[in-house]
Amino acid sequence: MLHRLARLAVNPARSCPFATATARAVPRTSVAIQTASRFSNLNGFRGARMYTQPTLRQQNNATGILNWRTLAVFTATGAGLLYYFRQEKARIEVAKEEERRLARENTIIGKPKIGGPFTLVDQHGVTTTEGDFLGRYMLLYFGFTNCPDICPEELDKMAEVLDTMAKDPEVGDVITPIFITCDPQRDTVEEVREYVQDFHKDLVGLTGPMEEIAKVARAYRVYFSKPPKVSPGEDYLVDHSIFFYLMSPTGEFVDCYAKDQTAEVVSESVKKHILAYVADGGKIEKQLRPRAAASAPSA
């Protein structure tokens, strides 16, 4: 008995099966926990190296490549746009200068082409062409000497415009007034001479063959007509357009004025055109060019 107790004291685990199982289990559990902990730490460490580190490296490398490529693209695009805008600006400036040049050379840009060559006879029997009036402004009116009211009223208005311009120190006597008949069958040289002297001392009266009258009327877009059947000696009226035509010293159409526009309105407009022409370097003659006398063709 004493001998067994001594053996138990030396090795207590062998005397108790539960204690022995517990003692044996503890080391195994501890080892398993330590092993699992190490395995877990190892996997975590390896996971960081296998996934996190390469991903960061790829992101860093990709970011660097994108920046250089973007910079190169932006630089090339910016240089291209700068070149384009400079070229476009230069093109626009050239176009504007061309427009200014054409505007200086031709004052009828954007206006209908009115006017043209003609050969008629004035109230003194002198053959007259459009070239005889170049160098001065021309103010033309188409009518007929037997007109009862409209033509006299319009020619009176024309005379008022002429006097207003002549008295204006900024303008002066730079306009030649012209009356062209629409009724050459009745408006002979003598009839025209007697008619125009009642309105203004400078008014030029023109007549001529019907073919020439029709030609100049078409050139100035003037409509006129008389009754189709007229007996010899029968009185009649001629329907015609009622406008003043302002022509430049170079023979170009400048403006036109209708019947309902007053002398004041016409004078203001004419002055504006003349001053603009002079400001742009235009030259105006103060006197009408002399014309050689010639025999008048039959009217």
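Each residue, glycine too, has its Cβ placed from N, Cα and C.
Nobody curates TrEMBL annotations by hand; they come from automatic prediction.
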Listed co-binder of Cu cation (same site as Cys147, Cys151, source TrEMBL) among His240, His273: His240
Sparsest-packed among the binding-site residues, when each Cβ's other Cβ atoms within 10 Å are tallied, from Cys147, Cys151: Cys147
Extra residues within 8 Å (Cβ to Cβ centroid of Cys147, Cys151, His240), Cu cation: Phe142, Gly143, Phe144, Ile150, Glu154, Cys182, Val238, Ile242
His240 (Cu cation binding site): tally of other CB atoms within 10 A of its CB: 22
